[in-house]
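Working notes, beginning with the structure itself.
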Amino acid sequence: MKHLIIVESPAKAKTIKNFLDKNYEVVASKGHVRDLSKFALGIKIDETGFTPNYVVDKDHKELVKQIIELSKKASITYIATDEDREGEAIGYHVACLIGGKLESYPRIVFHEITQNAILNVLKTPRKIDMFKVNAQQARRLLDRIVGFKLSSLIASKITKGLSAGRVQSAALKLVIDREKEIRPFKPLTYFTLDALFEPHLEAQLISYKGNKLKAQELIDEKKAQEIKNELEKESYIISSIIKKSKKSPTPPPFMTSTLQQSASSLLGFSPTKTMSIAQKLYEGVATPQGVMGVITYMRTDSLNIAKEALEEARAKILKDYGKDYLPPKAKVYSSKNKNAQEAHEAIRPTSIILEPNALKDYLKPEELKLYTLIYKRFLASQMQDALFESQSVVVACEKGEFKASGRKLLFDGHYKILGNDDKDKLLPNLKENDPIKLEKLESNAHVTEPPARYSEASLIKVLESLGIGRPSTYAPTISLLQNRDYIKVEKKQISALESAFKVIEILEKHFEEIVDSKFSASLEEELDNIAQNKADYQQVLKDFYYPFMDKIEAGKKNIISQKVHEKTGQSCPKCGGELVKKNSRYGEFIACNNYPKCKYIKQTENANDEAKQELCEKCGGEMVQKFSRNGAFLACNNYPECKNTKSLKNTPNAKETIEGVKCPECGGDIALKRSKKGSFYGCNNYPKCNFLSNHKPINKRCEKCHYLMSERIYRKKKAHECIQCKERVFLEEDNG
């Protein structure tokens, strides 16, 4: 009888299967096999506590049946889902669905997907950690309660489609606060006095008549000119020369947040893209040794490194760079995050032997770039510090002092691998008390800059420092805010949209703890305590739920509705009522103000450019774009009285290329294409790129696997569906 190993992803299952003999069967759960019901709160709440109502997703039902049948035939079923709390919970749900005692399922975890790692963990299984599971359940229930209850309230007071959530709203407030600093900012002009002394010493005025000048202090142009005129007449000497040796410490290896930050700044990758590529590198790619994982687990807040990996790195440094670059002892790093899960490892290559050059014919260009970044950072983390000599020279006269600074690299250390963008700034050879001639003195104007908007990388850095969310939530949180149209990211800068201001205004006034970073961080600590058996998850939920629901009820009464519908001056053709403009998550539309008694609606004039000025040849009505399982088409807005439809293929204004959506594989344009079998969406770079989708791709990312989403009709309901993992979100629902 075969042994069964259950992992999360098909790619991981395929890789692991290559390492094992025929006595093992490896199957993927494809993420969560069950979750809270999507069409209700999904939690029973009474005096006994909080009972989640888990439902198997329709797309997982056949898979679950398959896993149950395989488990019945297996002598041992190993739960080998990811090592974080989410993975522990997925393993727990799989075991529950199979049935039997939880203790009967050996639990194995691995930081890397290599043959040795897999064979070793099979020898040392443990049990499913219910404390970790309860921590994940508490997080899931908390987020559902906040999202479901608060989103419903926000949508009822502002407009349908808006949402709020425990982590997303705290993150959004950071963006809003920065916008509030930027919008009223008024630039200030200030002046500096910059001198050039012979032989070529550049210095800046730091004090005048015994008073030190503060940064941006000199704002009067006339005053700056007067000081310049006075100092030009003075004689100068070298007042002091200070030289100091300074170390540039080696950077630690990557954890999730720092990998996302570096990939953003150095490679231009979004956090979502970084995690998607990292997942592929972790789960298994082609190498000269066969298919295997080439990096360790990518969702981690730990800086620990396995002893064997440290020894490999040190041996590599000694061999390739010599003993001068090798510290006496291996360098050990610890995370600044007090809640870091130190049992995990930092992100590193699974084998230091697999140099980037050895993989250039096996990895895609972007995979190779990210792997190279991880490889070099890990190897550099075990090298000697770089050493600099800093110089500071003060030039003085009776009325003022000028200062010049320089730096010289003495030993490159870790820069040997990572490179050094800072060029040496060498100062001329000088002696204290020697006279020096002023060659030129200039008064230069400068303008203060507003606070910089967050980039995705800098926002993640702040979220991490404040304890908001965990490594697994940083990228999905930013994607979620984009998908909700709260923020936009242009040229690496995050700016808030107007709907975000309205939501945060309400939350700050009525639910201040939801947007308080300290509150969010304290909840993360509570979840950590649950995972460590220091807190009861039912009590944590209870302590949060009842005060929160009191505020929800108060909000229903006290929050003033901001829904204002613009009048069109037109009458409803069905009941004679007034037509007004409304908004939904699908955009602007026109509806009768007698709703719900009258349900007449039509689209605005600027909606759906494809249908603009297109009239129904049967009744004279307006042809509007609609969607079916076969894609987009035109239909008369007088349906059901008129059932005229028209293919977009024959529409003069139809757009073949999808605006604002790029291919997730190569970055090319995506266009509607046709074959004998029907229409589909494909990449314009075909045949170099084979991306295709049966449904129209949209500029949103899957919150589960971060791949591109599509829009479709599923069982007569509008839905967004991931093109890769098929995760589906019905647009009628909004759980936040």
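For all residues, glycine too, the Cβ spot is worked out from N, Cα and C.
If you look up Swiss-Prot, you'll see 2-113 marked as domain 'Toprim'.
The Mg(2+) binding site annotation in Swiss-Prot covers Glu8, Asp82, and the record cites sequence analysis as its basis. For Glu8 (Mg(2+) binding site), the count of additional Cβ atoms within 10 Å of its Cβ stands at 22 [all protein chains shown]. In the three-state DSSP assignment, the secondary structure recorded for Glu8 (Mg(2+) binding site) is coil.
Annotation comment: Swiss-Prot describes His32 (among others) as site 'Interaction with DNA', evidence class sequence analysis. In sequence order, Asp57, Ala89, Ile90, His93 are the residues near His32 (site 'Interaction with DNA'), counting only same-chain partners six or more apart with C-beta under 8 A.
Summarising the annotation, Swiss-Prot assigns domain 'Topo IA-type catalytic' to 129-552. For the domain 'Topo IA-type catalytic' (129-552), the predicted model reports an average pLDDT of 92.
Taken residue by residue with DSSP, Arg139 (site 'Interaction with DNA') is part of a helix. Swiss-Prot lists Arg139 (among others) with the feature site 'Interaction with DNA'.
For Arg140 (site 'Interaction with DNA'), applying a Cβ distance below 8 Å and a minimum sequence separation of six or more within one chain yields Asp35, Leu36, Pro52, Ala89. Annotation source Swiss-Prot lists site 'Interaction with DNA' at Arg140 (among others), citing sequence analysis.
A 10 Å cutoff on Cβ-Cβ distances gives Asp143 (site 'Interaction with DNA') a total of 18 other Cβ atoms nearby, all chains included. Swiss-Prot lists Asp143 (among others) with the feature site 'Interaction with DNA', giving sequence analysis as the kind of evidence.
Under the heading region 'Interaction with DNA', Swiss-Prot lists 163-168, citing sequence analysis as support. Remote same-chain residues near the region 'Interaction with DNA' (163-168) are listed as 142-143, 146-147, 150-151, 154-155, 468-469, 473, 477, 480-481, 484, 503, 507, 511, 514, 520, 523, 734-736 (criterion: CB distance under 8 Å, separation of at least six residues from the stretch ends).
Residues or ranges marked as active site, O-(5'-phospho-DNA)-tyrosine intermediate in Swiss-Prot: Tyr297. Spatially close to Tyr297 (active site, O-(5'-phospho-DNA)-tyrosine intermediate) yet at least six residues away along the chain are Asp82, Glu83, Asp84, His111, Glu112, Tyr282, His344, Glu345, Ile347, judged by Cβ distances under 8 angstroms. For the recorded site, Tyr297 (active site, O-(5'-phospho-DNA)-tyrosine intermediate), the DSSP three-state label reads coil.
Per Swiss-Prot, site 'Interaction with DNA' is recorded for Arg299 (among others), and the stated evidence type is sequence analysis. Arg299 (site 'Interaction with DNA') has a Cβ environment of 24 other Cβ atoms inside 10 Å.
A coil conformation is recorded for Arg484 (site 'Interaction with DNA') in the three-state DSSP classification, outside any helix or strand. Neighbour list (Arg484 (site 'Interaction with DNA'), Cβ cut-off 8 Å, at least 6 residues apart, same chain): Gly161, Leu162, Ser163, Gln168. Swiss-Prot lists Arg484 (among others) with the feature site 'Interaction with DNA', giving sequence analysis as the kind of evidence.
The feature zinc finger is assigned by Swiss-Prot to 572-598 (among others).
What Swiss-Prot lists as zinc finger is 616-642 (among others).
What Swiss-Prot records for 663-689 (among others) is zinc finger.
The zinc finger feature in Swiss-Prot is assigned to 702-725 (among others). Sequence-remote contacts of a segment are chain residues at least 6 beyond its ends whose Cβ falls under 8 Å from one of its Cβ atoms, and for the zinc finger (702-725) they are 30-31, 272-273, 275-276, 279, 475-476, 479-480, 483, 586, 627-629, 661, 664, 681, 693-696, 731-732.
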| message | Based on DSSP, tally up the residues of the zinc finger (663-689) by helix, strand and coil. | response | 0 helix, 13 strand, 14 coil
| CB within-chain contacts under 8 A for Arg139 (site 'Interaction with DNA'), separation at least 6 | Arg85, Leu527
| request: Determine, from DSSP, whether His32 (site 'Interaction with DNA') sits in helix, strand or coil. | output: coil
| remark: Taking DSSP helix as H, G and I and strand as E and B, the domain 'Toprim' (2-113) has 43 helix, 29 strand, 40 coil
| note | Spacing of the two Cα atoms, Arg299 (site 'Interaction with DNA') and Glu8 (Mg(2+) binding site), in whole angstrom, works out to 14
| query | How many whole Å apart are the CA atoms of Asp143 (site 'Interaction with DNA') and Glu8 (Mg(2+) binding site)? | reply | 23
